[in-house]
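**Q** Okay, these came from TrEMBL:
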{"type": "BINDING", "residues": "Arg127, 150-153, 214-216, 267-270, Arg450, 461-462", "note": "substrate binding site"}
{"type": "BINDING", "residues": "Glu146, Asn148, Glu368", "note": "Mg(2+) binding site"}
{"type": "BINDING", "residues": "Glu146, Lys305, 364-373, Tyr375, 398-401, Glu425, Lys452, Asp458", "note": "ATP binding site"}
{"type": "DOMAIN", "residues": "204-302", "note": "domain 'Glutathione synthase substrate-binding'"}
Amino acid sequence: MACSLGLGEKFTDRALLEQLALVAKDAAALHGVIMRTKEDPNSSEVVSYAPFTLFPSPIPKSIFEQARLVQKDFNLLVDKVSRDSTFLEQALASTIIVDNFTARLFQIYRHVLQEGTSSPINLGLNRSDYMLHCGENGMTSLKQIEINTIAASFGGLASRMPALHRHVLNVAGIHDVHVMDNTSVVVLARGIGKAWSIYGSDRAVVMFLVEETQINIFDHRLLEHELWNQNVPVIRRKFEDVTEKGCLDGEKRLFLDGHEIAVVYYRYGYMPQHYTEKNWEARLMMERSRAVKCPDIASHLAGTKKVQQELSKPGILERFFPDNPDAVSRIRSTFAGLYSLDQGDEGDRALAMALRDPDMFVLKPQREGGGNNIYGEKICHVLNEVKDSPERSAYILMDKITPLPVSNCIVRRGSPLKPQTCLSELGMFGVYVRQGTEMVLNECAGHLLRTKSSEFADGGVAAGVAALDNPYLI
C-alpha cells in the first residue's frame, strides 16, 4: 500500500476549520473525551477536552487487520515469557547490573520465584504499539515500537472517539468515510471481570493502583464504570494507602481498609520516580499476595525494552512457539531491527553503526511512559559517554522507522488550529487470563490511534505531544 494523505489537506478554509473545531470540542465533552486540567489535576470541577485530531486518519485495511490478528500471538508470547525464568534471567542479566530500576523489579521477581507464586491466575492487559513504515518504494509495512505490559492507557477514551469523529464528518458533509466501532473498554473490563470471577469471592474488590496526580482519571473511570456495570466492585488506592493500611493474612490474602483485594490493576508503578522505599515494600507485599496482579512482576519484566530486543534474535520466538511457525512468522514480520549494546563483538558492531549514522536509529533506555527515547546527534553524545562502560547495557538500539505521513489538524487547548503534517501510532489492546496452565481468555481488545505533529520525535497524549485519533480504513 502506497503512502497516502489524510482528510486535513481537503480543508484549506480557515473559518470552516475553526467552525468544525468548535463543534468537535462540544462533541468531545458530550461523549466523554475529557481530561482534568493541569491547573487543577485532582479536581473534576473544571475539565477540558483531551487533545484529539479534527479528522480520522487513514490506515491501510491490510495493515490494521495484520495488527489485530497478531495481538493474540503477542498475548501468548508475553505470558510464555513471564513463565520462563531461565529466559528472563539470561535476557536481563546485563541490564540489572547497570539499571537500578530494572534491578529492583528483578529483586522482587526473584523473591516471589523463590517463595513460590501465590496466585494461579494471571491477567494481562497489554498494548502493542506500531508505526506504519513507509519504505523507499512507497510501500507501507507494520513495525512494532514496543509492547506495554503495565498501565496501558487510553482504552477508555479511545472507545469514545468514534462518536466524536462521526459527528464531525457528518457536519463537514463527508459521508464516504467510515469510522469503525471501538469496544476496547468493554473487552478490557471483561478480562478484569473474568479474573475477579475466578478469584472466587463476591465480597472481594478490584483495586486500581493510581498516582497522586490524576489528570487522565476519566480514562480510568470509563473502565471502572464498565466493571461496576458487570457487578464487579472497584476501589482506587495509592501506594501510600497500601503501605499504611495493607496487610496479608495467613493465607496471603491481601486486605486494605477492610476490603479483600481480588485484583490489583496497576495504573502506576512503571517509572523509577513512582517508587520510594515504602512503595517498593508495598509492591513486594502485593506481589507476594494471592491477589491477581495486572501485571504480575514477571509480566512487567516481559515488557522491558531489553526483552523486546532479545526476542528478535534468531531462534528465540521458536523457543516459545516450537509447534506454531505461523505465530512465529506473524510476530517476526512486525519487528524492526533491534540490536544489543552489551559489551562484546555484537554490541560493538551495533554501537559503531549508531555512531556512524545516528539518524538511522533510535536509542532506547529501559523506561516506560513516553518521552524517553534518544534521537540524532544526542545518540552520539550518550554512546560516547558509555561506550567503554557496562552502562551501555542500559540501552538497546532500534532501526528508526520512517512513518506514513498524513495531513490533519490537532485540537489542543491553548494551541492554534492549523493543517499540518502528522505521524500516527497504532496500538492494539490485548487481554488474556490464564488459570493454572489453561488459557481461559485471549482476545484482541480494540485499538488506539494517536497522532502527533511530525515536528515531535517522541511523546504520547499524556505527555502533551500526541492526540487521540481514529483510523479509517483504506
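Glycine too: its Cβ is placed from the backbone N, Cα and C atoms.
For each feature listed, report its degree of burial, its nearest neighbours and the pertinent distances within the displayed model.
**A** In sequence order, Asn148, Ile150, Ala151, Tyr270, Met271, Gly303 make up the list of same-chain residues 6 or more apart from Glu368 (Mg(2+) binding site) whose Cβ falls under 8 Å from its Cβ.
Here Pro365 (ATP binding site) comes close to Asp99, Lys305, Asn372, Asn373, Ile374, Ala394, Tyr395: these same-chain residues lie at least six apart in sequence, with C-beta atoms under 8 angstroms from its C-beta.
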**Q** Using the alpha carbons only, what distance in Å do you get between Tyr375 (ATP binding site) and Glu146 (Mg(2+) binding site) once rounded?
**A** 16
**Q** How many Å separate the Cα atoms of Arg127 (substrate binding site) and Glu146 (Mg(2+) binding site)?
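**A** About 8 Å separates the two Cα atoms.
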**Q** Other than Glu146, Asn148, Glu368 themselves, what residues in this chain have Cβ atoms within 8 Å of the centroid of the Mg(2+) site's Cβ atoms?
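**A** Apart from the listed residues, the neighbours are Arg127, Asp129, Ile147, Thr149, Ile150, Ala152, Tyr270, Gly303, Gly369.
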**Q** In the structure shown, which of the binding-site residues Lys400, Lys452 has the fewest Cβ neighbours within 10 Å?
**A** Lys400
**Q** Hey, which of the binding-site residues Ala151, Ile215 is the loneliest by Cβ count within 10 Å?
**A** Ile215
**Q** Long-range neighbours only, meaning 6 or more apart in sequence with Cβ under 8 Å: which ones does Gly269 (substrate binding site) have?
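**A** Once residues fewer than 6 apart are set aside, Gly269 (substrate binding site) is near Ile150, Ala151, Leu209, Phe239, Tyr275, Asn279, Arg283.
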**Q** May I ask for the distance between Arg267 (substrate binding site) and Glu146 (Mg(2+) binding site), taken between their Cα atoms and rounded to an integer number of Å?
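**A** Roughly 18 Å, rounded to the nearest whole number.
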**Q** Sorry to bug you, but what's the C-alpha spacing from Glu146 (Mg(2+) binding site) to Lys452 (ATP binding site), rounded to the closest Å?
**A** 17
